[in-house]
Amino acid sequence: METLDWANGTSAREEWVIVIQTTVLTITTLLVIVGNILCFMVLLKSNDTGEVTRLCMLFLTATDTGVGFLICIPVTGATAVDRWPYGDAFCLALAGSTILLSMDSIFVVLVNVERFVAIVWPLRSVTYVTIPRVRVALVGVWALGASFAGVYCFIPGRSAVYHPHFHTCFMDPDDPDQSDSVGIMAAWIFGILPFVITLLLYGRLYQIARRHARQISVMEGPQNHHVIKRSDLKTATTFFIMTAVLAVSWLPFAVVICYEGVTRRTAHPAAIFISEILLLSNSYWNIVIYYIRNEKFRRAGRRFVRDCLCKGRDNRLRNEIEPSRIIESPSLKSNAVLTHHL
């Protein structure tokens with residue numbers, strides 16, 4: 001394993017910078033892990049959401065949970081000690097694990113496509129989007145990720161390099177003067193392309209919503225017009241939020257990766273850290289958006305938390321009642337009287 005040392009390479013960081021970065025990463029890690037585990041458990045127990053949407057969200061939350069354990073925790077540890085403490089083998093493994101972030105963006109696109117088909121072609125969506133096809137698509141994303149990880153990690157002329165400002169490892173060309181074409185391609189495929197696809201879906205959905213609003217204003221009464229227009233507006237707003245979050249999460253990171261891959265120089269440390277935090281935060285923002293914008297998921301989440309609290313309260317009451325029963329049992333009372341007489 002090597003440590004990055006380009007022309008405008010690294011410099012010693014102040015202790016207060018390390019403390020702030022470690023604190024921000026720790027909070028981000030907790031939000032990613034706890035939020036996705038809770039979301040996964042809610043989805044497993046929920047019967048309110050559609051099966052196709054539930055499958056897509058299960059794969060998305062599973063991937064985000066992997067991001068929390070395999071990427072966020074090691075990055076936080078390396079930030080806290082201001083070096084790479086895990087060894088060469090884990091550096092290579094972490095470089096391959098970054099593919100989880102790439103698959104995360106693809107799963108977001110799949111969720112958006114599924115919702116887009118259900119809204120634009122509501123009658124034919126049951127025929128187009130079937131459970132077997134969704135399973136094949138989701139497993140195909142995992143297969144694509146594994147294939148790219150193999151190419152990314154084991155292509156000749158590349159090795160795992162620790163990037164101190166990112167606090168993680170990437171696969172870089174052995175020749176420092178050679179541009180990182182594989183890294184640039186990955187940034188385009190997994191960062192910029194999903195954003196463009198989501199933007200096109202949102203643009204198309206916005207056009208359909210406007211056309212429906214004009215048709216309804218002519219054909220229906222004012223009450224139906226208000227209800228349907230509000231539904232279209234909510235759907236378009238949800239897509240806009242997803243598009244904006246995907247852009248804010250991925251585009252800064254993709255720009256930094258492309259800049260470093262082309263120039264073979266490190267970007268400004270502040271730009272690197274901010275882009276990294278935005279990228280990792282995408283793993284819990286998806287849950288926040290889904291919870292706020294989906295009433296069925298929100299209702300299932302509240303029911304899950306209520307059931308957990310009720311079970312905890314019942315267990316406490318059971319633990320309090322059982323000792324009192326033991327004390328008041330007839331056998332113990334007779335033994336206590338016999339002992340008193342003796």
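From the backbone N, Cα and C atoms, a Cβ is placed for every residue, glycine too.
Some features that TrEMBL has for this protein:
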type	residues	note
TRANSMEM	16-43	transmembrane segment
DOMAIN	35-290	domain 'G-protein coupled receptors family 1 profile'
TRANSMEM	55-80	transmembrane segment
TRANSMEM	92-113	transmembrane segment
TRANSMEM	134-155	transmembrane segment
TRANSMEM	182-202	transmembrane segment
TRANSMEM	239-259	transmembrane segment
TRANSMEM	271-292	transmembrane segment
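Contact counts against the transmembrane segment (55-80), taken as Cβ pairs under 8 Å, peak for 16-43 among the stretches 16-43, 92-113, 134-155, 182-202, 271-292. Only pairs six or more apart in sequence are counted, and the transmembrane segment (271-292) with the transmembrane segment (16-43) gives three or more Cβ pairs under 8 Å, enough to call it a contact. Taking Cβ pairs closer than 8 Å, the transmembrane segment (134-155) reaches residues 52, 55-56, 59, 92, 95-96, 99-100, 102-103, 106-107, 110, 114, 171, 182, 186 in its own chain, all 6 or more past its ends. Packing against the transmembrane segment (182-202) from elsewhere in the chain are residues 101-103, 105-106, 108-109, 112-113, 116, 148, 151-152, 155, 158, 170-172, 236, 239-240, 242-243, 246-247, 250-251, 253-254, 257-258, 260-262: each is 6 or more residues past its ends and has a CB under 8 Å from a CB in it. On the 0 to 100 pLDDT scale, the domain 'G-protein coupled receptors family 1 profile' (35-290) averages 81 in this prediction.
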